[in-house]
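A quick write-up on the structure given underneath.
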Amino acid sequence: MSGRAGSRSPGGGGSGSRPADAVSKDPTLTVEAELFAAGATLVIGIDEVGRGAIAGPVAVGAHAVLAGTDGFPAGLRDSKLLSEKRREAIAPLVAEWGAGAVGFASAEEIDARGIGAMLGESARRALLALHADGVPVDRAVILLDGAHDWLSAALRRPLDVRTRVGADRSCASVAAASVRAKVARDAVMREAHKAHPGYGWDSNKGYGCRSHYEGIARHGLTALHRSSWIKRAPAA
């Protein structure tokens, strides 16, 4: 994969530090359209899920939008703004809307290399999956949620990476990526709960809530825990 290097805010002089509270909860294709007007033929939105969990993988979703796209599934939003039921309902519509993929990094990898490195590696894995499906990733503008470019250091070849604060709420491509990642990771944690039912992963999805820490106190750690992240369980 090759392309222009660099990480900057997309759009005509828009700031990557745009305050999150200034971003509407409903995404649009405005930013993507600005990139298409500037010559891009493909935009790939990227977002992560599970960064702060203490068990399970981190997941990074990628969703490709082609130039000329002028609509997206009704009700699409950042996954954090949707109920689990609504996310599960809209996920098939997102899959029909365009090509996408989810990359994962395990708890073991996160412990060994750190979350920053494994966010980038998970995104790289998602992009490689898109590339394998015939998506011309090397010609895309990569739209990354947040102010920090945690992707470029993981790439073997440079891509045109743009950062934007609040992109998961304002940009339909990134909102779609967030839904893909959240639904896929939640499914992983529900399956993990079947093997390790004492931690409440079917509901807490591996995040460090009281019931999860109580499960650790009773049953100890599993191979799915990020052992370097575990804090002492809160007092009962």
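Sequential numbering from 1, following the chain as shown.
Every residue, even glycine, has its Cβ placed from backbone N, Cα and C.
Please treat TrEMBL annotations as automatic predictions, because they have not gone through curation.
Keep in mind it's a predicted model, so treat the numbers as computed, not measured.
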Starting from the divalent metal cation binding annotation in TrEMBL that includes ASP47, GLU48, which of ASP133, ASP138, ASP145, ASP149 is the extra site residue? ASP145
Which residues of the same chain, at least 6 positions away in sequence, have a Cβ lying under 8 Å from the Cβ of ASP47 (divalent metal cation binding site)? VAL60, GLY61, ASP78, SER79, ASP145, ALA167, ASP168, VAL174, ALA175, ALA177, SER178, ALA181
Highest Cβ count within 10 Å among the binding-site residues GLU48, ASP145: which residue is it? GLU48
Listed in sequence order, residues not in ASP47, GLU48, ASP145 with Cβ within 8 Å of the centre of the divalent metal cation site Cβ atoms: ILE46, VAL49, VAL60, GLY61, LEU144, GLY146, ALA167, ASP168, VAL174, ALA177, SER178, ALA181
